[in-house]
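According to TrEMBL, the active site, proton acceptor annotation covers Y23. Here TrEMBL flags H100 as active site, proton donor. Per TrEMBL, substrate binding site is recorded for N74, H80, D87, L101, S102, R111. As annotated by TrEMBL, site 'Transition state stabilizer' applies to R18.
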Amino acid sequence: MTSILVLNGPNLNLLGTRQPEVYGRTTLQDVEAMCVDWGKAAGLDVTCVQSNHEGVMIDAIHAAKGKHGGIVLNAGAYTHTSVALRDAIASVELPVVEVHLSNIHARETFRHHSHIAPVALGQIAGFGAQGYDLAIQALAKHLESAG
């Protein structure tokens, strides 16, 4: 079974309690369990990692090459600031689907730009935890068609 990495960035460990009016009440543990289930339904083995540290996230992206078929990435605020994450994604040449719980384009102006999107297969934003399911489905279809 093909495996994928679901990588969550800073502050996502606080899901369920941090700004529930924006991010909802679903916890990261809930999201990760749903991702494993959604992955199984799509024929994928899902490994979940969360870090508040940019370097740890870069290490996880590097380690994914040769281990995983692709990455679902919610880089949190690093989406808007980290050229290093963008370069790590470009360097591993794996398909990446960028996901955000909230619609980043309907929020503060500084959240509108993504350093990740130009090197990602696509971006899904604004659908809450369901966005991870959409991202997993998109990645599964892409991997299937890439053979």
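Just so it is clear, glycine is given a Cβ too, placed from its N, Cα and C backbone atoms.
Note that TrEMBL annotation is computational and uncurated.
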Which listed residue (N74, S102) has most other Cβ within 10 Å, given these are binding-site residues: N74
Local backbone state of L101 (substrate binding site), from DSSP in three classes: coil
Integer Å distance between the CA atoms belonging to R18 (site 'Transition state stabilizer') and R111 (substrate binding site): 17
Integer Cα-Cα distance in angstrom, H80 (substrate binding site) to R18 (site 'Transition state stabilizer'): 19
Long-range Cβ environment of R18 (site 'Transition state stabilizer'), under 8 Å and at least 6 residues apart: N11
Residues N74, H80, D87, L101, S102, R111 [recorded substrate binders]: greatest CA to CA distance in Å: 24
